[in-house]
Amino acid sequence: MKVAVLGAAGGIGQALALLLKTQLPADSKLSLYDIAPVTPGVAVDLSHIPTAVEVKGFAGQDPSPALEGADVVLISAGVARKPGMDRSDLFNINAGIVRNLVEKCAATCPKALIGIITNPVNTTVAIAAEVLKAAGVYDKNRLFGVTTLDVIRSETFVAEAKGLNVADVNVNVIGGHSGVTILPLLSQIEGVSFSDEEVAALTTRIQNAGTEVVEAKAGGGSATLSMGQAACRFGLSLVRGLQGEANVVECAYVDGGSEHAEFFAQPILLGKNGVEKVLAYGDVSEFEANARDAMLDTLNADIKLGVEFVK
C-alpha cells in the first residue's frame, strides 16, 4: 500500500506524515512531496522512527515521482488561514495549486483514491473533479473532500459538554466544510439529549472551531495538528477499505448523488473501489432540517465557483 502526501512540508503535512509513519500497516510506503526543498529532509527525519513503513521525500516543481504507484493521495498543499481570513479568501491561491496537483495525479496515478484537505474544500473538490473529468479519468467513488476534522471536533465538544468518554461518541456531520455548511447531527447521538440552546451553541462552536484555533494562535498558524490527526484517521480508513476490511464508515464530502447538492458530506461505506455505498444520514430534527436547507445556496455557490475556475 502506497500513500502519497502532497504538501508534506507544511504544518498539516508534517503532522499527517508523522502519524502515518507510526500508524500505517507494516510494509506500506509513504511518499512525501512539497515544493519546499526541506521535504527530503522531513522524510529522512521520519525514517529514523522504528516502524515498518518506508518513507521517501521529493521536492521541486513536479510531484510525479512521488505519485508513481500511489494507492492513496492526500493533498494538503496550499496557504493556511490567518486572522481575519475565511476559507474563501484562500481560494485565489489554493485553487491553482489543487488544479495543478490533481492534473499530475490524473497523469501519474489515475486510479488512486484522492483526499482533498486543502481549503476551501467545498470548492477545491469541485475543481479536482473537473480536472479529472477533463483528463477522462474521473471516478466519483475515488475523490473525497476530507471533512473528518468537523467530525472529531463534534465528538470532542459533545463529550466535553456531556461528560462522556469521547471514544463512545459518534457524530455524523453533513453538508460541507466551512461555516454554515458544517452541520453536526446532534439529535442522532444515542443516550444524550440537548436543550435548544445547547444545540445552537454547540453547532456554532463546531462551525467556528477553525477560527477559534486561528485566533488562539495569534497569527502563528491555523489548525494543523488536529487537522493532521483528522486526515490520518480518514487516510487510514481509505487504506482499510482498500485492504477489504468490512464496515469502514466515515463522513466525507463526495459526489454521491445527494438530492441537496452535487457534492455533499455524509456517511459513506469505504471499500476496494473507494466509495462502496453512500449511506443515508437518517432522520434529522427540525433545527437540523432548517440549517441544512439554509446552507444550500452557500454550498452550491461554492461548488459553482470551482467548476467555473476550471472551465
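Cβ from N, Cα, C; glycine included.
Per Swiss-Prot, the NAD(+) site holds G7, A8, A9, G10, G11, I12, G13, D34, N94, I117, T118, N119; the candidate it also names there, chosen from M227, M295, is M227.
In the three-state DSSP scheme, G13 (NAD(+) binding site) falls into the helix class. Here the C-alpha separation of N94 (NAD(+) binding site) and N119 (substrate binding site) works out to 7 Å. Each of the binding-site residues G11, G13 was scored by the other Cβ atoms within 10 Å of its Cβ; the lowest score goes to G11. The most crowded of the recorded positions listed here (R81, R153, H177) is H177, judged by how many other CB atoms sit within 10 Å of its own CB. G11 (NAD(+) binding site) sits 12 Å from R81 (substrate binding site), taking the CA atoms of both as reference points.
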